[in-house]
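A short worksheet on the structure shown next.
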Amino acid sequence: MTTLLQQQGSANLWERFCQWVTSTENRFYVGWFGVLMIPTLLTATICFILAFVAAPPVDIDGIREPVAGSLLYGNNIITAAVVPSSNAIGLHFYPIWDAANLDEWLYNGGPYQLIVFHFLLGIFSYMGREWELSYRLGMRPWIAVAYSAPVAAATAVLLVYSIGQGSFSDGLPLGISGTFNFMFVLQAEHNVLMHPFHMLGVAGVFGGALFSAMHGSLVTSSLIRETTETESQNSGYRFGQEEETYNIVAAHGYFGRLIFQYASFNNSRALHFFLAAWPVIGIWFASLAVACFAFNLNGFNFNQSLLDSQGRVINTWADILNRANLGIEAMHERNVHNFPLDLAAGDQAPVALQAPAING
């Protein structure tokens with residue numbers, strides 16, 4: 001009898017836990033994806049703060065030349081970063097227990113892997129949690145689909161690029177200046193600016209910002225007057241009201257006359273789908289661009305494509321960009337490589353064209 005009561009009690013406890021996890025009445029929806037999201041994001045956040053503030057220098061290139069990234073080692077908020085794990089580690093999984101001691105783990109950049117893996121699991125779970133909550137509320141799943149764009153971008157620069165290049169030392173440093181360095185090196189080695197997927201990503205980000213500003217300003221300019229001049233116009237809206245708060249006909253008429261009629265949406269649903277889809281598709285393509293770079297599918301090469309009648313090169317902007325790429329490539333990791341890969345890959349010129357003949 002006692003055993004039966006204990007089993008029922010444990011079953012009831014589990015059922016109550018399941019109901020709490022999946023309840024949409026909580027102030028903060030947890031969900032089954034949240035059970036994974038909360039510990040992984042907390043772990044990544046705590047480790048990031050500790051590493052950003054106090055981590056010792058990391059031998060990122062694997063040549064015993066450590067790079068200091070933390071605040072306590074002389075950096076400021078702009079220059080500080082969590083330095084990627086060492087090139088000596090490569091793509092090996094490097095948890096704390098694989099190192100001989102904590103000092104070795106820190107020297108080889110172990111915190112970077114810990115942060116990146118937990119962070120990626122956390123944002124994947126957050127995306128799943130968005131879908132889960134939408135499902136339980138009877139909503140469509142497009143919030144999670146939209147969030148997949150930044151998730152894909154983060155995965156590309158933190159994981160896919162490292163895998164393609166063969167080492168986590170090639171991943172994105174977790175800091176402001178480190179991000180800029182990553183962008184410069186990516187451009188130098190892969191000609192990012194000449195890749196069509198990057199161009200689509202730029203169109204998505206800047207176009208999305210433009211369309212968002214246009215939409216917000218049009219709506220704000222065509223609000224239905226509900227207040228006096230001495231009141232805030234925001235007081236004219238009541239949360240949950242059924243009537244429209246702005247005049248879409250007026251906004252459509254204004255924008256149609258400003259440009260031309262068919263440049264303006266006359267369907268609010270189509271308009272908002274467009275506002276969501278444009279930047280999301282653009283960032284998807286930007287993520288695909290980084291995935292291409294990971295496996296050295298680089299931007300277009302139009303170097304020295306114009307020649308005069310004498311066969312001399314007429315420089316284009318592609319040639320000037322290529323010169324900048326070579327300069328950046330020559331300067332980064334200067335103690336690892338003697339020459340940029342593009343310069344070192346040519347045919348070797350023999351020192352002696354012909355061995356001297358010895359006449360006895």
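For all residues, glycine too, the Cβ spot is worked out from N, Cα and C.
Of the candidate ranges 70-85, 102-117, 118-133, 342-357, Swiss-Prot annotates residues 118-133 with the feature transmembrane segment. Comparing 29-46, 142-156, 197-218 for CB pairs under 8 angstroms to the transmembrane segment (118-133), the maximum falls on 29-46.
For the recorded positions listed here (His190, His332), the lowest count of other CB atoms within 10 A around the CB belongs to His332. Sequence-distant contacts of the transmembrane segment (142-156), counting only residues of its own chain at least 6 positions beyond either end whose CB sits under 8 Å from a CB of the stretch, comprise 119-120, 123-124, 126-128, 130-131, 134, 276, 279-281, 283-284, 286-288, 290-291, 294. Counting only residues at least six positions away in the same chain, the Cβ atoms of Thr40, Leu41, Thr43, Ala44, Cys47 sit under 8 Å from the Cβ of His118 (chlorophyll a ChlzD1 binding site). In the three-state DSSP scheme, Glu189 ([CaMn4O5] cluster binding site) falls into the helix class. Comparing the binding-site residues Glu189, Glu333 by how many other C-beta atoms lie within 10 angstroms of each C-beta, the top residue is Glu189.
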